[in-house]
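Following: one structure in structure tokens, then a few remarks.
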Amino acid sequence: MSTEIPPNPLPGIQTLPCSSGEPAQWPITGWLYKCAGIRWIMSEESGNAQTKPLKRVEEGNGESGENGHIRKKLKSDVEQTGDDRKHPKRKVVLLLAYSGKGYYGMQRNAGSSQFKTIEDELVTALIKSGCIPDNHGDDMKKMSFQRCARTDKGVSAAGQVVSLKIWMIEDVKEKINSNLPPQIRVLGLKRVTGGFNSKNSCDARTYSYMLPTVAFAPKDNGTENSTAFRLEPETLQRVNRLFGSYKGTHNFHNFTSQKAARDPSARRYITEMTCGEPFVRGGAEFAEITVRGQSFMMHQIRKMIGLVIAVVKGYSGDEVLKRSWGEEKVDVPKAPGLGLVLEKVHFDRYNKRFGGDGLHECLEWTEEEQAILAFKEEHIYPSIVETECQEGSMTSWMATLPIHDFEATAKGAQDKDRGQDDDEEEDNGSDSAL
């Protein structure tokens with residue numbers, strides 16, 4: 001290219017001297033003035049002798065193309081370093097199983113080290129394994145973290161699911177588990193769509209509640225030798241008839257705290273609630289209750305079970321269930337938190353839309369079923385049985401049932417509807433164990 005400065009194509013525009021001594025260049029469609037490391041692009045509008053600056057480009061941030069045009073470097077042109085270069089960041093879901101004993105629930109309390117939660121352990125393991133940067137631990141929104149259910153203090157899970165963005169390092173699941181305590185395990189990992197949110201995409205939750213069958217003994221039955229109690233088949237049938245009445249949509253404002261009778265969010269849809277056949281563990285007889293619904297409010301499951309226990313034991317008649325769904329305030333007892341387990345979360349809509357598109361996996365965990373069962377047998381069931389046998393939480397709670405007045409109501413106590421619950425459990429679809 002000639003070093004001579006060509007004629008100015010725009011009459012009336014004075015060419016400034018360049019202190020760097022570099023020549024000016026006149027492209028066909030405009031002109032570029034380069035001086036002291038700064039390039040100014042000027043354009044000529046067709047038919048007019050007007051100029052306007054288009055862009056000020058710092059030296060080294062762009063590349064000259066043909067005719068002097070500037071090509072801006074794309075993000076992909078920038079060289080990445082460290083784990084950003086070696087491992088792509090992807091949106092995934094993790095299948096978690098944990099025993100909640102000794103932890104203050106699932107959700108992390110940022111800045112509070114006094115009350116350790118399951119997420120505290122998980123975030124620490126993610127950082128140590130190289131899945132997320134250190135600063136993501138302080139602000140979990142940076143990794144788009146979301147949980148399906150916010151299990152509370154002491155509550156366990158066999159099928160909790162969380163969604164987040166991580167670096168896809170080699171042997172990612174094994175490395176995370178190597179930095180977790182034995183009572184918390186990542187049992188599965190799957191890629192999901194970029195906009196996936198485990199809470200909002202969840203269609204239903206299934207919980208179980210394991211309890212000693214002496215809970216269904218008549219109220220005049222002594223508790224001195226509770227381990228010798230065995231549930232009669234007729235009593236089990238009655239228990240299941242009562243649990244079956246919960247199926248469908250009902251107003252559960254009496255089964256949570258500070259929820260107004262006319263609050264639309266108090267209406268919940270239950271698809272299943274049954275009590276299974278009894279079994280013996282640790283010398284005592286236990287049974288497992290299974291309940292599935294779209295979502296649950298704080299304490300809802302424990303109160304549903306507590307009211308049925310009170311009816312079966314003879315503290316109230318069957319009609320109290322229907323009355324509890326009305327607008328009157330009903331005194332509903334809350335069963336102990338021990339025994340509550342998040343069994344499974346369901347993604348039917350997501351699976352229908354993306355599970356068969358050839359790019360994404362269904363969020364079903366059939367291959368992990370044996371690992372889930374093994375974890376429950378090793379960590380969840382023993383913890384429930386041992387704690388119940390040693391501390392007798394159900395026996396202690398049953399002793400409080402006589403102080404409840406199941407016939408009394410508090411008319412007008414909830415005449416002022418609220419638009420928002422005092423907690424956010426309903427939005428997370430979880431039941432609290434407190």
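Placed from the backbone N, Cα and C atoms, the Cβ positions cover glycine too.
Lifted from TrEMBL, the feature list:
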| type | residues | note |
| --- | --- | --- |
| ACT_SITE | Asp152 | active site, nucleophile |
| BINDING | Tyr207 | substrate binding site |
| COMPBIAS | 75-86 | compositional bias 'Basic and acidic residues' |
| COMPBIAS | 408-419 | compositional bias 'Basic and acidic residues' |
| COMPBIAS | 420-434 | compositional bias 'Acidic residues' |
| DOMAIN | 245-348 | domain 'Pseudouridine synthase I TruA alpha/beta' |
| REGION | 47-86 | region 'Disordered' |
| REGION | 408-434 | region 'Disordered' |
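If you average pLDDT over the domain 'Pseudouridine synthase I TruA alpha/beta' (245-348) in this model, you get 95. For the domain 'Pseudouridine synthase I TruA alpha/beta' (245-348), the DSSP-based tally of helix, strand and coil residues reads 26 helix, 34 strand, 44 coil. A Cα-Cα distance of 13 Å separates Tyr207 (substrate binding site) from the residue listed as 'active site, nucleophile'. Cβ contacts within 10 Å of Tyr207 (substrate binding site), excluding its own Cβ and spanning all protein chains shown: 25.
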